[in-house]
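Engineer: According to TrEMBL, the record shows the following:
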type: SIGNAL; residues: 1-22; note: signal peptide
type: DOMAIN; residues: 26-112; note: domain 'Inhibitor I9'
type: DOMAIN; residues: 135-572; note: domain 'Peptidase S8/S53'
type: ACT_SITE; residues: Asp144; note: active site, charge relay system
type: ACT_SITE; residues: His215; note: active site, charge relay system
type: ACT_SITE; residues: Ser534; note: active site, charge relay system
type: DOMAIN; residues: 646-751; note: domain 'Subtilisin-like protease fibronectin type-III'
Amino acid sequence: MNFLHTLSTVLFIVSFHPFTRAKPDTYIIHMDPSAMPKAFSSHHSWYFSMLSSISDTSEAASASSTVTSKHLYTYTHSINGFSATLTLSELESLKKSFGYLSFTRDRPLTVHTSHTSQFLGLNSVSGAWTAPNYGEDVIIGIVDSGIWPESESYSDEGMAQVPTRWKGKCESGTNFSSSFCNKKLIGARFYNKGLLSSHPKLTIPMNSPRDINGHGTHTSSIAAGNSAKGASYFGYASGTANGMAPRAHIAMYKVVWRYGTYTSDVLAAIDQAIQDGVDILSLSLGLSVDNNVLDDDPIAVATFAAMEKGIFIAASAGNDGPLYWSLVNGAPWMLTVAAGSIDREFDGILTLGNGVQITFESLYPGNFSRNQMPLVVMDECASVEELRQVRNNIIVCKDHLSISDQVENAESAMVSAAVFISSYSYLSELYTRSSFPAAFIGLDDGQTVIDYIKQNSDPRGRFQFRKTSIGTKPAPKVDAYSSRGPFLSCPNVLKPDILAPGSLVLASWSPVSEVTKVGSHPLFSKFNLLSGTSMAAPHAAGVAALVKKAHPDWSPAAIRSAIMTTANPFDNNLSPIKDVSNFNQPASPLDIGAGHINPIKALDPGLVYDATPQDYMKLLCAMNYTSKKIRMFTKLSHDCMNRSLDLNYPTFIAFFNDDGLSTSADKFEQEFQRTVTNVGKEGMAYTAKVTGMDGIKVMVEPPKLVFKQKYEKQSYKLRLEGPKLLKKDVIFGALSWRDDAGKYMVTSPIMATTITSQ
């Protein structure tokens with residue numbers, strides 16, 4: 001329902017200026033750190049020397065200033081290398097330098113843009129907040145558009161002291177002082193050298209960590225905002241807004257600017273976050289779908305380094321759904337988060353003169369008279385002049401024209417109120433935020449209105465707004481905008497991983513950033529309702545903080561496994577989660593991953609699927625990455641003697657690829673091997689159970705796992721057998737390991753598909 005608005009409002013898309021040979025461009029240079037000559041005291045001085053040697057300038061006296069102007073950042077913790085502005089000839093010279101690995105052109109990125117804590121079962125009476133565990137001492141790094149520090153979400157009331165391991169700081173800048181930081185907001189930095197390199201004449205008015213966009217304030221308060229009482233969106237969604245981990249610390253790294261977001265700046269932020277000592281990274285941005293190549297995605301490379309340091313990464317899947325292969329941020333060392341709805345609706349009510357009430361979705365924020373007004377049918381509402389003649393009535397428009405044209409005509413005519421009748425089943429959030437009082441209703445309700453008007457000589461109606469309903473069913477649903485898997489660069493690992501709340505999420509906002517309009521008057525608020533996978537990723541980051549607090553020694557892979565294997569594939573009707581874009585048919589793992597995130601169960605998963613950096617390197621080797629390319633990801637040496645596409649991941653995906661010559665008798669077989677670690681108590685036994693997988697035989701060997709000790713590991717094999725010609729393009733089911741006592745059910749989705757990226 002929120003697809004059009006999400007694309008137009010939550011996604012801040014940066015235009016890319018085509019490469020021209022006449023002008024320098026900005027590049028990210030990957031280097032082999034082990035190749036640094038002993039004569040240099042640091043990699044930074046080595047890079048400066050290289051830039052000086054390849055500089056096009058012929059004036060020796062200006063060489064130093066030229067190199068300084070060319071150099072943007074040196075990266076030491078995320079990737080090995082630097083970013084610089086170079087001409088083509090300088091780049092070609094640099095490629096011949098000893099230790100050079102590869103280059104990536106600096107590219108723009110897209111930003112993938114309360115009650116959710118209760119919907120996820122987080123409260124102080126029962127659930128994940130009663131360990132006690134509110135995410136104390138965990139540090140969440142947010143890479144986004146900055147922060148509004150005065151927001152109540154960043155109050156440090158009840159917060160523990162800043163961890164002694166923290167190495168970050170608060171940078172001062174325009175309208176931002178280091179004194180704004182406290183025990184909640186413990187770090188704030190900003191990066192824009194890449195932006196300024198692409199736009200050298202640009203003047204940035206808010207050159208500081210302060211958020212005048214709102215997106216970063218929104219995402220960070222979702223992840224770890226303190227309790228903010230009296231939160232609402234102009235009366236909608238009233239209550240207390242809480243982050244997922246309300247006692248976790250926040251560090252903001254501002255990279256998103258009104259004028260664009262660039263990879264070199266994001267890399268610098270991640271590089272610094274690793275050095276500062278964050279435990280969790282939340283990323284609600286990414287490259288476009290067209291750039292889905294792991295070794296050409298500096299964010300994927302940088303987050304590998306973060307994972308090696310034990311940092312958990314939650315990243316948004318993107319807002320390019322519902323097509324397959326539209327997912328970004330699908331590196332297997334990340335938690336890739338899809339977006340769904342929650343059990344809350346925002347409504348208005350149209351009451352006809354005969355007492356019949358019609359409820360419709362609405363976020364109209366203005367004050368509106370509850371008095372009855374005449375109802376007038378204007379059919380297609382094509383004439384602005386005719387609409388002006390009846391603008392003091394409630395006009396009724398049918399969908400002979402597009403909804404957008406009718407809305408535009410009604411706004412131009414300055415009508416008092418309107419009813420728009422449409423055959424479009426899922427009316428966009430763009431229209432629920434109409435700048436004037438309006439009801440957007442379907443054909444059945446529309447016929448009720450038309451019949452009433454025809455049968456009465458003086459038909460009238462009245463509007464009521466600001467209605468919030470809690471506990472609506474079914475919820476969650478995966479929304480249309482949420483990007484779908486598989487991940488083009490690594491299809492052998494099923495993505496996305498998890499579904500989290502992303503649609504119409506209430507969270508803190510920058511009060512200087514316009515949220516909506518009434519008529520032509522802009523409105524501002526301390527809170528806003530937004531939709532996007534941008535909102536889903538920080539939910540998962542906050543939940544990861546709760547798991548990290550409960551299990552501080554767990555690896556990022558173990559935390560990810562705990563979140564995935566305890567996810568819920570069912571909605572609050574106890575039916576499979578539905579896909580809004582597919583006529584509310586059951587969603588597949590390519591839409592929702594393992595299911596909807598369940599913080600309570602994630603704290604105690606029973607078994608986990610762990611993975612080490614070496615395991616990911618085996619995967620990269622099996623994907624035919626050369627040792628040179630693998631050096632881009634890690635400082636660890638790896639000879640690719642061991643390689644495997646079968647990563648120890650808590651999901652399974654098999655591609656039943658038909659060569660076009662297969663018959664109904666041809667068979668397909670694939671075997672997976674997995675190792676699970678017992679993180680429950682000693683003396684546990686688990687039995688395998690497979691559900692779904694119509695027409696495919698699934699075998700698990702052994703069918704029972706017995707653990708004598710805590711942290712003991714056991715391995716098993718899962719085998720799929722079926723016809724090459726599947727009955728459907730996508731067949732899915734699940735493997736569940738259930739303990740004999742009935743406490744744990746460790747579930748992994750199984751996917752068989754014939755879909756290709758062609």
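Along the chain as shown, the residues are counted starting at 1.
Glycine residues also receive a Cβ, built from the backbone N, Cα and C atoms like all the rest.
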Engineer: So what sits near Asp144 (active site, charge relay system) in its own chain, CB-to-CB under 8 Å and at least six residues off in sequence?
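Structural biologist: Result: Val111, Asp211, His215, Gly216, Thr219, Ser220, Met252, Tyr253, Lys254, Val255, Val256, Ser282, Ser284, Leu285.
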Engineer: Tally every other Cβ atom lying within 10 Å of the Cβ atom of Ser534 (active site, charge relay system).
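Structural biologist: Around the Cβ of Ser534 (active site, charge relay system), 33 other Cβ atoms lie within 10 Å.
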Engineer: With DSSP, how much of the domain 'Subtilisin-like protease fibronectin type-III' (646-751) is helix, how much strand and how much coil, in residues?
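Structural biologist: Helix (H, G, I), strand (E, B), coil: 0 helix, 62 strand, 44 coil.
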Engineer: With DSSP as the reference, give the number of residues of the domain 'Inhibitor I9' (26-112) in helix, strand and coil.
Structural biologist: 34 helix, 27 strand, 26 coil
Engineer: Averaged across the domain 'Peptidase S8/S53' (135-572), what pLDDT does the model get? Just tell me the whole number, please.
Structural biologist: 93
